[in-house]
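Here's what TrEMBL has on this protein:
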REGION    192-249  region 'Disordered'
COMPBIAS  226-237  compositional bias 'Polar residues'
COMPBIAS  238-249  compositional bias 'Low complexity'
COMPBIAS  283-302  compositional bias 'Basic and acidic residues'
REGION    283-332  region 'Disordered'
COMPBIAS  303-319  compositional bias 'Polar residues'
C-alpha cells in the first residue's frame, strides 16, 4: 500500500483531472455536432433521457440549436461519468456480483483493519476483472450516445470511448493502493458555491468538426491544451427567471463525480449552473408545449371525425350540422 500524503493527493488530483479533460474533449468533439433528426427515433430520445436521470435532470431539446447541442455534449459526458462510476470507480479488487462485500469494507471503522483487508484483496484480485469493468462501461455509454454521434465519426468515437475507460481504470487501479480509501460520489460532500467549478462551453461547431476529422489527432494524443475545469470567468450573469428552480440545490446539475477520502476532496464535482442550462430548458419546454397542443388538436379532429362517421352510419346529421336550434332539435 502507498501512504497517502499531500504529494500523493496532488498527484492523483492531476491524474483525475487528466481523465476528466480527455472525457470532456471527447464529448465536445463527437456530441457537439449537428445530427440528422430523421435518423433518431423516439426510442433513442427516451433512452438518452433515461440515461440523464442517472446523474442529473438536464433538458434534451430535439433540435440542432446551440443550446440543444450543449445539452447533448453535457448529457454524453454525464452518461460517461455515470457508467465509469458504476463499473470502474468502484473497489475493482471485488467482483461486481459482490456489492455487499464492497459495502461492508467501507463500514470498517478501524483504519488499520480496513487498509489490511484491502491490501490482501488487492494482492489476490483477478486483473482481468478490471478490464471487464472498463469494457462494460464503454458498451453502456456507446449504447446511449450512438444515435447522437454523426455516423462518419462513430468508429473513431467508439475507439476513444474504449480508450478513456481503460485510462480511467489505470488511474483508478493506482488510487486503490492508497492507504486512504477514495470514493467517487455524485452527491458531493463539498456543496457547490458560486465560486465552484463549472463546465466551460464546448468548442464551436467549426472547431469541433475540424478537430474530429483530423485523423489520429484525438484527446489521447497529449490531452487538451489547458484544463477544462476551474473558474467561472466565462459565466454570464442573468436577471431573475420565474422558471428557474427555487432551491440552490436544484440549480446545480452534476455532470462528473467528486473524488474524496473521508477527510478531504481530492478532485471536486463538475457541474452546470441554471444560467448555463436555462436556454435549453426554455427550448425544451416550448417543444413540450407544442407537442401537447398537437396531441390535443389531433384528439379533437379524431373526435369530430368519429362523430361525423356515426351520423352518416345512422342516416342522420350530427347535431351541429342540423338546420335546427343548435341543440339538435328542429325549428318550430
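Every residue, even glycine, has its Cβ placed from backbone N, Cα and C.
Helix, strand and coil counts from DSSP across the compositional bias 'Basic and acidic residues' (283-302) read 20 helix, 0 strand, 0 coil. Counting residues 6+ beyond its ends, the compositional bias 'Basic and acidic residues' (283-302) has Cβ neighbours under 8 Å at 59-63, 65, 67-68, 243 in the same chain.
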